[in-house]
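Taken from Swiss-Prot, the feature region 'Disordered' applies to 1-20. Sequence annotations record features per position, and here Swiss-Prot assigns Mg(2+) 1 binding site to D134, E139. The motif 'DDXXD motif' annotation in Swiss-Prot covers 134-138 and is backed by a curator's inference. Per Swiss-Prot, the feature Mg(2+) 2 binding site maps to E139. The substrate binding site annotation in Swiss-Prot covers R242, K295, R375, Y376, and the record cites similarity to another entry as its basis. Sequence annotations record features per position, and here Swiss-Prot assigns Mg(2+) 3 binding site to S292, D296 based on similarity to another entry.
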Amino acid sequence: MVKFDSGSESEMTNGDELHINSKHEVKSRMANGNGVHNVPDHDQFQDRAEMEVLILPDLFSSLMSVPARENPHYASVKADADEWISFVINADAKWASRNKRVDFTYLASIWAPDCSAFALRTSADWNSWAFLFDDQFDEGHLSNDLEGAINEIARTREIMEGTAPRYTADSEHPIRYVFQTLCDRVKQNPEGFYAGKPSSERFYRRWMWAHELYWEGLVAQVRTNVEGRSFTRGPEEYLAMRRGSLGAYPALVNNEWAYGIDLPEEVADHPLVFEIMIIMSDQILLVKDILSYEKDLRLGVDHNMVRLLKAKGLSTQQAINEVGVMINNCYRRYYRALSELPCFGEEADRALLGYLEVEKNHALGSLLWSYNTGRYFKSKEDGARVRKTRELLIPKKMAAL
């Protein structure tokens, strides 16, 4: 069992948006699709004649063709992590059950198969925080409230900078409390509190920088919503916004911490190292946009490349094919950047190789998690069917949107 002390000296909600009121109670209503598939109407379309059959690109090619490994601490960490987040947000039994199926610990387990139990628990809790935090901006109360979005980010930034008040588990702001515990943990060694040398100031600055990129993307996303520009943007503008708001940047740096990777400044600041981070973020979000297409249609989520290309005049299949081309181009961009990287020396290059492994595991884990947890499908079995056949079935009445 993994225990921690917060130092008391923050695509999950299953289609339900969480509402956390001043009494620290979680309420939910059908609103967005960051969790497992749970729509009774979906089963009404069993007749293939009523479905549009979309052929997906091979999403397990190139860097994604390698076998994944699972962290040996997965089972014990999952039990503790699921129980803790449900307690912190005072979730009801229905939410807690769904959260177990979403399985953020599995995602973290593929991301960092060799990290300690403490680091895996921190990564799983970061995933819980990120999805709860993000839901407020996606389809929640901040999705069209630019001032409110900027204010919530400012309060969260204060936590990261150490200028915020200490929150508690029974706080009126449980998402902020979760994030505060994460900041406490990431300042420590990934083996555990006081288990070894704590994180360097250099690394914590990088961790903060990655979160700032995420928050800049969220603000840009809300501004786009307010201006009603979701479908008037070009693909490049969409990618520029989504690679930030996706949250991949801080997740990647969090995984660096889990492995004890502290990139020297000459490596971390090299433009090609950042370019590789951009490339893998693009790959993750483009894969997500294909797999989540039906769910985004159902829930009215506009931030989807397939939907954007359809608004430009492409058919659904043409749009999916085009996104497949973009994904393959990510791999070309990756190998091109890799070939142009200089040698930094033995110690720095060792850290760089660890960083590259983290990047690959992050993309692979996100892909497998989408299929294996039924995140975007009726069930794990439906996800397995889509992976095997590469056929995505969309009700025709929905495909016309």
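If you go along the chain as it appears here, the first residue is 1 and each next one adds 1.
The backbone N, Cα and C atoms fix where each Cβ goes, glycine too.
Here the structure is a predicted model, which means the values were calculated and not measured.
In the three-state DSSP classification, S292 (Mg(2+) 3 binding site) falls within coil. Ranking the binding-site residues K295, R375 by other CB atoms within 10 A of the CB puts K295 at the bottom. Across the range of the motif 'DDXXD motif' (134-138), the DSSP-based residue counts are 5 helix, 0 strand, 0 coil. Mapped onto three states, the DSSP output places E139 (Mg(2+) 1 binding site) in coil. The two recorded residues E139 (Mg(2+) 1 binding site) and K295 (substrate binding site) have their Cα atoms spaced 13 Å from each other.
D296 (Mg(2+) 3 binding site) sits 9 Å from Y376 (substrate binding site), taking the C-alpha atoms as the reference points. With respect to S292 (Mg(2+) 3 binding site), the closest of these binding-site residues in Cα terms is Y376, chosen from D134, R375, Y376.
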